[in-house]
Protein chains: 8
Amino acid sequence: MSESAVSTLIDRLHDEAAQDRPAAETPDVGIVMGSDSDLETMLSGGRRRGAYDAFVDELGFAEQTSFENSPAERFTFETYVTSAHRTPDLMAAYAETAEDRGIEVIIAGAGGKSADLPNMTASIAYPLPVIGVPVQEKSVDSVIGMPTGAPLVAVDAGKSFNAALSAAQILARQHDAVRERLVAYHDDLREAVGGVSRDLHDLGTEAFAAARDE
Amino acid sequence: MSESAVSTLIDRLHDEAAQDRPAAETPDVGIVMGSDSDLETMLSGGRRRGAYDAFVDELGFAEQTSFENSPAERFTFETYVTSAHRTPDLMAAYAETAEDRGIEVIIAGAGGKSADLPNMTASIAYPLPVIGVPVQEKSVDSVIGMPTGAPLVAVDAGKSFNAALSAAQILARQHDAVRERLVAYHDDLREAVGGVSRDLHDLGTEAFAAARDE
Amino acid sequence: MSESAVSTLIDRLHDEAAQDRPAAETPDVGIVMGSDSDLETMLSGGRRRGAYDAFVDELGFAEQTSFENSPAERFTFETYVTSAHRTPDLMAAYAETAEDRGIEVIIAGAGGKSADLPNMTASIAYPLPVIGVPVQEKSVDSVIGMPTGAPLVAVDAGKSFNAALSAAQILARQHDAVRERLVAYHDDLREAVGGVSRDLHDLGTEAFAAARDE
Amino acid sequence: MSESAVSTLIDRLHDEAAQDRPAAETPDVGIVMGSDSDLETMLSGGRRRGAYDAFVDELGFAEQTSFENSPAERFTFETYVTSAHRTPDLMAAYAETAEDRGIEVIIAGAGGKSADLPNMTASIAYPLPVIGVPVQEKSVDSVIGMPTGAPLVAVDAGKSFNAALSAAQILARQHDAVRERLVAYHDDLREAVGGVSRDLHDLGTEAFAAARDE
Amino acid sequence: MSESAVSTLIDRLHDEAAQDRPAAETPDVGIVMGSDSDLETMLSGGRRRGAYDAFVDELGFAEQTSFENSPAERFTFETYVTSAHRTPDLMAAYAETAEDRGIEVIIAGAGGKSADLPNMTASIAYPLPVIGVPVQEKSVDSVIGMPTGAPLVAVDAGKSFNAALSAAQILARQHDAVRERLVAYHDDLREAVGGVSRDLHDLGTEAFAAARDE
Amino acid sequence: MSESAVSTLIDRLHDEAAQDRPAAETPDVGIVMGSDSDLETMLSGGRRRGAYDAFVDELGFAEQTSFENSPAERFTFETYVTSAHRTPDLMAAYAETAEDRGIEVIIAGAGGKSADLPNMTASIAYPLPVIGVPVQEKSVDSVIGMPTGAPLVAVDAGKSFNAALSAAQILARQHDAVRERLVAYHDDLREAVGGVSRDLHDLGTEAFAAARDE
Amino acid sequence: MSESAVSTLIDRLHDEAAQDRPAAETPDVGIVMGSDSDLETMLSGGRRRGAYDAFVDELGFAEQTSFENSPAERFTFETYVTSAHRTPDLMAAYAETAEDRGIEVIIAGAGGKSADLPNMTASIAYPLPVIGVPVQEKSVDSVIGMPTGAPLVAVDAGKSFNAALSAAQILARQHDAVRERLVAYHDDLREAVGGVSRDLHDLGTEAFAAARDE
Amino acid sequence: MSESAVSTLIDRLHDEAAQDRPAAETPDVGIVMGSDSDLETMLSGGRRRGAYDAFVDELGFAEQTSFENSPAERFTFETYVTSAHRTPDLMAAYAETAEDRGIEVIIAGAGGKSADLPNMTASIAYPLPVIGVPVQEKSVDSVIGMPTGAPLVAVDAGKSFNAALSAAQILARQHDAVRERLVAYHDDLREAVGGVSRDLHDLGTEAFAAARDE
């Protein structure tokens with residue numbers, strides 16, 4: 001009777017893959033991570049903003065928590081923990097079913113020196129594009145070092161925010177609405193840099209620092 | 001009168017961007033590199049197979065050498081040298097015009113410890129997806145380390161072959177023909193591994209090594 | 001019809017696992033590697049002696065090339081290529097069936113920075129002990145860095161010879177014959193060091209070097 | 001009169017080795033470390049769970065504190081500090097007597113860049129299997145880098161918990177009871193991952209994080 | 001209407017470059033950085049003293065905050081944020097106009113692993129000398145690794161204080177007043193070392209430490 | 001009577017410093033290195049072009065081999081070996097006398113992990129600007145890592161060619177003739193990149209590679 | 001009038017060197033460091049015990065604070081700050097006069113990546129033995145990497161305590177009294193390890209940890 | 001009967017230690033290494049000159065190959081292979097008997113990442129000074145990283161030549177003859193640098209390189 005949670009999930013994923021839902025109702029992006037201790041880095045709330053912040057706050061995506069009931073927003077993502085070393089069967093089931101479940105691109109993050117989850121997910125989900133996120137600096141080598149013939153693209157350590165932008169860039173090749181959101185986000189970012197640059201120069205270092213620290 | 005070569009190229013790129021050609025006639029993938037000394041790594045002929053081999057030999061793409069006359073093949077790529085440190089203006093012109101010239105994804109490679117070309121190309125070509133290829137192991141950090149808000153995805157050092165597969169994975173989200181070629185390539189790869197595994201086991205190490213070395 | 005080689009191997013492994021053969025007729029050690037390019041490092045013939053040399057030359061093991069027909073020698077090993085990134089299903093099938101196929105300990109080697117094969121094999125073959133061999137120096141981190149709860153033990157880069165000795169040390173807890181072979185090998189090794197030390201000292205550096213280079 | 005503590009311990013170890021106790025009454029696993037400052041990493045109480053936690057909490061082993069009076073539990077371990085650089089004679093005496101004192105496998109941990117204790121213990125205790133634990137990240141190279149002919153297997157820095165699981169995997173080849181405990185521990189671990197994965201997905205990131213932080 | 005801040009700055013820089021002001025009224029040193037989060041490292045207030053401290057406190061320079069109204073001090077510097085990845089156009093405009101705006105030497109700092117700002121600024125501002133400041137240790141490789149033919153000189157990570165001294169050394173080749181200030185600063189520094197050395201020796205370690213900690 | 005060579009050189013340097021020659025007759029740049037084994041890297045003839053090539057071939061400088069008889073060319077450099085560890089007195093004499101001997105900027109190169117020559121030369125020659133050249137990759141840290149208050153600027157490992165360009169950039173602040181040569185060199189470099197880029201694109205990879213290899 | 005402190009010290013060192021004092025009245029060990037910020041690491045009070053603790057607490061040496069008035073203790077050391085980069089003349093004067101001032105061995109420590117002080121001191125004080133102490137981990141390469149022909153011996157980063165023991169080992173070749181103190185210190189150290197080892201084993205992990213934490 | 005070579009050597013060492021020979025007849029320096037594959041690095045004949053070259057060619061020492069018959073030269077060294085991992089008992093016997101056999105200082109070299117021989121020899125031979133030679137770059141950490149209380153001094157990777165000079169510096173504290181040889185060697189070295197420096201400068205780079213390559 002043990003492992004009911006893992007088995008139930010595996011069965012559910014295969015059931016969902018067998019359904020024939022329209023693309024607009026399935027999650028566009030699948031986010032998987034090796035452990036819920038990766039949550040802050042992969043999604044939101046750590047020192048740096050994460051994929052959740054990028055999707056929800058900047059790009060207007062919604063998180064889909066039920067395969068059956070999709071949110072009102074057109075573009076969505078879903079999140080799972082699929083540990084490569086503790087639940088390799090769940091990881092494999094997720095990767096095998098991803099394309100049939102409507103996923104267009106996977107963001108896969110893992111920490112530690114043996115960050116196998118992005119690599120194995122990319123190998124099994126092929127030919128779906130997988131963006132690997134090394135959760136720690138020491139995970140970079142393991143994530144990026146795929147052999148010839150086994151494609152995976154990686155972002156820098158801890159930068160799931162950028163992985164979300166990259167996933168949106170892929171979706172934007174087909175969906176102008178996503179492209180527009182990416183451009184709008186970028187314009188805001190540039191405007192902010194411009195303002196800071198002008199203030200620093202025109203106020204001078206001391207006054208700028210004083211104003212900022214108020 | 002100096003720099004006519006660079007100026008001419010820059011003008012040509014802007015001219016091409018001003019044209020309104022159908023997607024089927026423009027290059028789908030743009031490959032840029034920092035120097036023609038990167039040619040073996042980025043394209044073909046080095047120790048390891050490169051992007052040219054992947055596109056031409058495995059995926060049925062053709063190289064487009066004239067913007068006006070596209071090859072018969074539906075999917076194409078083009079190649080330029082756009083040095084970030086010697087010709088920053090050419091690099092910028094390429095990145096600025098890429099989307100308007102019909103490019104769907106850029107593969108950008110550079111060597112050395114200051115491998116700025118992929119990063120700057122991604123920053124300027126945004127929101128086009130850019131796949132960075134560190135030409136040397138020591139280029140990995142510089143390529144992958146983009147700050148939050150500036151997306152770029154990277155492959156491992158020297159693996160432009162995988163960058164081509166990843167670019168094709170992105171195109172395959174819209175084009176089933178590309179997806180089919182990716183799957184066919186992968187099936188062949190797996191069949192080869194299966195054959196080697198069986199032979200090694202069934203012949204035994206000595207006989208297998210002897211047969212291989214014949 | 002594609003992938004017949006991989007599928008056939010997977011089926012064969014499951015068939016063998018379903019048989020109920022006595023321990024003396026099944027392979028005691030399973031050696032798997034990510035590619036046949038790892039052959040020199042994992043088995044024999046490289047700059048350094050490998051697992052094959054240790055088992056066959058020093059410890060009296062034989063290589064078992066047919067599950068049905070075991071060699072005359074009591075202690076045996078078998079070898080397969082099970083690429084994590086190209087044939088994850090074959091890798092999983094090997095690891096899942098290993099214990100039922102009579103394997104007592106697995107030696108798993110892989111190269112590159114994403115050396116996932118030993119890790120995934122250990123995760124799936126659990127609770128069978130798995131000794132990871134990083135085929136290259138840059139594979140060490142990926143092989144050794146398993147998270148808490150996912151056991152794998154590692155040897156140094158390229159030292160499949162020592163992995164064979166370690167596997168034999170595990171078998172020796174149950175089999176005095178293996179223990180005796182380990183001791184005999186070690187005695188020879190020590191005798192050689194003693195002889196060299198005495199000769200170097202008593203002849204002096206110049207005469208010793210001259211004698212050695214003859 | 002100095003060094004009475006070290007000399008007394010050395011004599012005691014040799015006395016115990018001369019006794020002929022049944023396997024069930026002697027410690028199965030010997031844990032040695034270079035300093036009592038390694039205690040948190042090697043055993044229990046640090047940021048990460050250690051070998052003590054694995055043996056006592058997860059696998060039902062008991063710590064044997066007297067060679068004469070073994071605990072009621074069938075499987076036991078013992079712990080000593082045997083500094084390679086301060087008490088090389090004590091380290092040697094422990095390694096020389098380990099097999100005769102009934103030990104089946106040694107877990108040896110040391111910190112610093114010159115982590116010689118696991119290496120020397122493996123060299124002297126041969127052919128007993130020794131699992132090296134680098135107490136710090138900077139100890140990994142020194143622990144894992146044994147030359148050809150001198151077997152030692154290593155776990156990742158600080159992961160004495162995994163070393164205990166690996167030691168149990170070795171004992172499990174002979175003792176089904178240990179195997180069962182390993183499997184039961186693993187089932188619980190998987191069940192936990194499955195539950196977290198389902199909750200994260202079905203609640204969504206925000207609700208999951210809120211529930212977790214309560 | 002978006003990006004007004006960036007566009008306005010770019011226009012302003014080009015306007016200033018078109019003016020023909022005497023050298024004594026333009027900034028002598030231009031300081032640019034990738035983000036205002038680099039402010040503490042590049043200018044002042046961090047763990048270590050920065051370029052602002054060197055220029056203002058030690059060398060008698062003033063910060064020029066308006067191109068039109070230069071300070072009374074003969075030697076001045078100005079500061080801007082010109083992000084390579086968020087505002088590559090602003091970065092390029094700054095570098096292109098620097099020499100015409102009267103700048104004699106640029107100090108350019110950036111953090112992260114892709115510290116492209118100093119490199120690109122040096123490439124575009126050529127033949128103006130550019131001193132690169134890696135804001136973090138991990139930025140050193142990216143800043144220093146310029147290819148043959150693309151000059152940039154670098155200081156150690158975080159040491160914008162030394163970059164200011166080096167900039168002053170360049171100015172001192174033409175301006176004796178700057179040379180005198182450099183010498184005066186150095187004499188004070190040496191006098192302080194001499195005093196500490198004598199006190200430590202003559203008081204002895206304990207008394208010196210006690211006096212210092214009072 | 002020993003050390004006459006070193007003593008003679010030290011005396012000569014002090015004699016020359018005591019003379020009062022016009023700037024046009026003294027060397028503008030002093031190049032020192034730790035050993036004549038650094039000659040290929042520091043000057044000319046190695047895998048990569050060096051400072052000699054930059055000065056003589058690209059910038060029209062001449063090497064001055066006699067302090068009394070300056071070459072016809074206006075801009076000159078001189079070269080010495082001044083080992084920090086074998087002849088610290090010669091190194092100090094060179095640095096002490098450099099400014100009085102008319103040197104405007106020093107290029108100092110050293111190899112190994114203890115590359116002290118650039119650092120010590122910068123400390124003693126202060127306030128003269130010193131450009132450090134790490135002769136090997138492993139020399140970078142030692143050269144660049146100067147403490148606060150001790151300015152030195154560095155180029156990348158082995159890139160004495162760039163050090164020469166940087167030295168010329170410093171001289172160019174006072175001498176328009178040097179600035180013009182820097183610009184002319186740069187224009188040629190850009191023209192070459194432009195030509196290669198156009199040929200690669202317009203010929204296509206195969207034809208370009210074939211043409212290049214002819 | 002500037003630099004009087006440095007000049008005065010240099011003169012004093014040369015004066016002392018000109019005197020002809022008996023060995024028993026001069027310092028036996030000279031300790032120099034690059035900055036008084038190195039005081040905790042080089043002498044006493046940091047996380048780890050330093051050279052001062054070793055000499056004064058363990059080996060019975062006294063600190064000599066006046067060259068004229070030596071302490072009652074037979075064996076003594078003195079301490080100076082002699083910055084390589086700020087006061088190269090003071091550093092040179094110390095090294096030049098050390099042997100004539102009666103010093104038998106120098107302990108020289110410096111931090112940062114350009115830790116030149118130990119190297120230069122060894123080069124100038126030759127043939128006096130110099131023990132280099134890298135004050136930080138990043139100083140190790142710079143301290144240890146001396147070229148062939150320039151001897152210096154190094155201890156690990158921050159371990160000035162061990163440098164003191166090594167200096168005493170050198171003195172002990174001539175002075176049995178120092179040898180006896182070294183042995184006594186070592187016996188105490190071993191006794192402590194023996195006691196801890198016995199307590200850990202005999203009390204068991206939990207009771208030992210509880211007793212220790214009381 | 002196995003291990004007669006090792007046992008015989010151990011017995012011989014203890015016999016020699018029991019003799020009471022005058023210092024002038026025993027070896028002054030003991031050189032031990034982990035394997036005869038270290039011979040080129042430790043002694044002579046590799047890319048770089050070794051300890052043998054320093055002792056025999058530069059310092060007038062002789063190699064003593066028989067404990068009973070010492071060479072005519074006053075200062076001598078002896079050489080043994082004492083593998084830490086293959087013959088820990090021989091290594092211990094050498095270290096235990098070294099002081100009684102008249103050795104004043106030990107030079108101990110080992111390669112690999114687990115270079116335990118210098119460390120263990122220093123721990124056992126205490127209070128005799130031991131100079132560790134990392135035979136490979138990757139051996140540096142393991143050799144230098146001794147814990148507080150366990151003194152060992154190290155030279156750079158592969159520099160046994162410098163270890164010999166350092167050993168001679170220790171002997172020179174008691175023996176003026178050794179000090180004189182060290183000074184004479186150094187004078188020659190300096191004279192050579194002076195000659196090269198003058199020739200390079202006065203001939204100019206091209207003529208110097210041509211003359212050197214003739």
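Cβ coordinates are placed from backbone N, Cα and C, and glycine is handled just like the others.
For the substrate site, TrEMBL records B:Ser35, B:Asp38, and the single candidate of B:Arg12, B:Arg74, B:Arg86 listed with them is B:Arg86. Applying an 8 A CB threshold to same-chain residues 6+ apart, the list for B:Asp38 (substrate binding site) reads B:Gly109, B:Ala110, B:Gly111, B:Val135. Spanning the listed substrate site, residues B:Ser35, B:Asp38, B:Arg86 have a farthest Cα to Cα distance of 15 Å. The secondary structure of B:Arg86 (substrate binding site), as reduced to three states from DSSP, is coil rather than helix or strand. Under the DSSP three-state reduction, B:Asp38 (substrate binding site) is assigned to helix. Neighbour count (other Cβ atoms within 10 Å of the Cβ, all protein chains): 24 for B:Arg86 (substrate binding site). Less than 8 angstroms from a Cβ of chain C: among the binding-site residues B:Ser35, B:Asp38, B:Arg86, that describes none of them. In the shown protein chains, 22 other C-beta atoms lie within 10 A of the C-beta of B:Ser35 (substrate binding site).
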